[in-house]
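**Q** Sharing a structure below in structure tokens format, with a few things to ask.
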């Protein structure tokens with residue numbers, strides 16, 4: 001897990017991916033790494 005995902009921020013998914021070095025996705029309030 002990388003960081004919390006806040007759905008109110010439009011760039012959150014992008015930040016999640018960047019935090020996971022290109023492989024991350026928001027699942028509910030969590031940013032999980034290892035997903036494209």
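The backbone N, Cα and C atoms fix where each Cβ goes, glycine too.
Pulled the feature table from Swiss-Prot, pasting it below:
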DISULFID  2-19  disulfide bond
DISULFID  5-26  disulfide bond
DISULFID  16-31  disulfide bond
DISULFID  20-33  disulfide bond
**Q** Measure the Cβ-based neighbour count of residue 31 (disulfide bond), defined as the other Cβ atoms within 10 Å of its Cβ.
**A** 23
**Q** Quick one: which of these disulfide-bonded residues, 19, 20, 31, 33, have their CA within 10 A of residue 5 (disulfide bond)?
**A** 31
**Q** Rounded to a whole angstrom, what is the C-alpha distance between residue 31 (disulfide bond) and residue 19 (disulfide bond)?
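**A** That separation, Cα to Cα, works out to 9 Å.
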**Q** Please report how many Å separate the Cα atom of residue 16 (disulfide bond) from that of residue 26 (disulfide bond), as a whole number.
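**A** Between the alpha carbons of residue 16 (disulfide bond) and residue 26 (disulfide bond) there are 7 Å.
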**Q** Provide the number of Cβ atoms within 10 Å of the Cβ of residue 20 (disulfide bond), excluding the reference atom itself.
**A** 18
**Q** Other Cβ atoms within 10 Å is the metric here; tell me which of the disulfide-bonded residues 5, 16 scores highest.
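**A** That would be 16, with the highest Cβ count within 10 Å.
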**Q** What same-chain residues, at least 6 away in sequence, bring their CB to under 8 Å of the CB of residue 19 (disulfide bond)?
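**A** Set apart from residue 19 (disulfide bond) by at least 6 residues yet with Cβ under 8 Å, we have 2, 3, 31, 33.
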**Q** Which of 26, 33 (the disulfide-bonded residues) has the most other Cβ atoms within 10 Å?
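**A** Sorting the candidates by Cβ neighbours within 10 Å, the top entry is 26.
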**Q** Looking only at C-alpha atoms, tell me how far residue 26 (disulfide bond) is from residue 20 (disulfide bond), rounded to the nearest Å.
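**A** That separation, Cα to Cα, works out to 11 Å.
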